[in-house]
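Notes for the one structure printed next.
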Amino acid sequence: MVPRVPQPGIWCPAVTFFDSKTDTLDLASQERYYAYLARSGLTGLVILGTNAEAFLLTREERAQLIATARKAVGPDFPIMAGVGAHSTRQVLEHINDASVAGANYVLVLPPAYFGKATTPPVIKSFFDDVSCQSPLPVVIYNFPGVCNGIDLDSDMITTIARKNPNVVGVKLTCASVGKITRLAATLPPAAFSVFGGQSDFLIGGLSVGSAGCIAAFANVFPKTVSKIYELYKAGKVDQAMELHRKAALAESPCKSGIATTKYAAAIFSAKAAGIEDAEEKLRPRKPYDPPSEAAKQEVRKVMAEVAAIEAGLS
């Protein structure tokens, strides 16, 4: 049975495959990819995260991806489902769909479409309503970059978590190690998991008490990111730091957006998973463009060393 609180380690917010001719989900490739990631040392998968292009998917497609993931990884591998939307009602619909489709946890962005109206009382009320009605444990998702600049501070997250026992964690894509420090010092890890939202500050987060990270770069090199975590937790800090620095430099092209992340996944992890025509299938969904040839060349150049390391990991 999957624990009530998300377990420490590396979670991967998996990218989404499309049939570029019909602009529909490629579920066969998706299933193969999920299965590969689950064999790569990861603690769990996040389905419908930001890098899955969740806001570009229909409600039916969202449910299909969760169900496909559950089929691919079996009954016991942890799945967290992104359920972000603009209203409480929409979020609750997505949560119920996720529960039926086989998710274990839900990852919830704050409402933020009307930025000025999204006051602290509104945010607290939203998470109260969602957590009380959700059949699945709730993980707060703090990502100001996709939420009109709404940035939940550690005091607000603590208040929400203490009031609502069904809130069991947070993903901090705000990249604040200070928040990780305060939350880890305030909320017990048995009841609340604090995850960094990017792998390039993984060791910084672990050093102050994080549970690990939910890392888009784990789409590209899942074994490498998992190895950094493994080395650090085993007390091999120098080895962990050496690998971490290489991975952080390799990740730099992904900072330009979803297109480069998906391209990197196509030529590395999807290739390792045996998925044909992955570059075409991992183009961003319309209306967004694939990366330029210059960006592709940069990915191949900057990631070459870590690609060789990944290939040598079991």
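A Cβ is built for glycine as well, from the same backbone N, Cα and C atoms used for every other residue.
Among the features that Swiss-Prot reports, substrate binding site is placed at Thr50, Asn51. Residues or ranges marked as active site, schiff-base intermediate with substrate by Swiss-Prot on the basis of similarity to another entry: Lys171.
Taken residue by residue with DSSP, Thr50 (substrate binding site) is part of a helix. Note: the CA-CA distance between Lys171 (active site, schiff-base intermediate with substrate) and Thr50 (substrate binding site) rounds to 12 Å. Less than 8 angstroms from the CB of Asn51 (substrate binding site) sit Pro13, Ala14, Val15, Ala216, Asn219, Ile258, Thr261, Lys262, each of them six or more residues away in the same chain. Around Thr50 (substrate binding site), the same-chain residues at least 6 positions away in sequence with a Cβ under 8 Å from its Cβ are Pro13, Gly82, Phe143, Val146, Thr173, Ala216, Ile258.
Its Cβ placed at the centre, Lys171 (active site, schiff-base intermediate with substrate) has 30 other Cβ atoms within 10 Å.
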